[in-house]
Amino acid sequence: MKEVIFAENAPKPIGPYSQAIKAGNFLFIAGQIPIDPKTGEIVKGDIKAQTRQVLENIKAILEAAGYSLTDVVKVTVYLKDMNDFAKMNEVYAEYFGESKPARAAVEVSRLPKDVLIEIEAIAYKE
């Protein structure tokens, strides 16, 4: 059985997709970009500011589904510029301290709304 998850405290999807889908014990979170859910605007600033907003959006979706950051098992990070990798990691480590999920980081030529970062995640909970 699958369930569509919608978090009020996360940005509304900007296309024909769901914020997240719960399938069994898994939660599949769609790629999140640094949109402030209160204003609907892209967070201006450097990679650190954008990474923080993306992770706050993911956290809000997790919580709406009854999950937490410690339940995240896999993350894919899409970066506009791999030179931002170290700075992104500084913020990322604040969110995933001891509970580090498996992860891939990929440089891409362009992201929606010309943001610097997009992150998607998969969580699992017994």
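The first residue you see is number 1, and the count goes up from there.
A Cβ is built for glycine as well, from the same backbone N, Cα and C atoms used for every other residue.
Listed features, source Swiss-Prot:
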- Tyr17: site 'Stabilizes the substrate' (SITE)
- Arg103: substrate binding site (BINDING)
- Glu118: site 'Important for catalytic activity at high pH' (SITE)
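All features noted in Swiss-Prot, drawn onto the structure.
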| residue | record | Cβ within 10 Å |
| --- | --- | --- |
| Tyr17 | site 'Stabilizes the substrate' | 10 |
| Arg103 | substrate binding site | 15 |
| Glu118 | site 'Important for catalytic activity at high pH' | 22 |
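The DSSP secondary structure for Tyr17 (site 'Stabilizes the substrate') is coil. Distance noted between the C-alpha atoms of Arg103 (substrate binding site) and Glu118 (site 'Important for catalytic activity at high pH') is 13 Å. On a Cα basis, Glu118 (site 'Important for catalytic activity at high pH') lies 15 Å away from Tyr17 (site 'Stabilizes the substrate'). Look at the residue listed as 'substrate binding site': DSSP puts it in a strand. Glu118 (site 'Important for catalytic activity at high pH') falls within a strand when secondary structure is assigned with DSSP.
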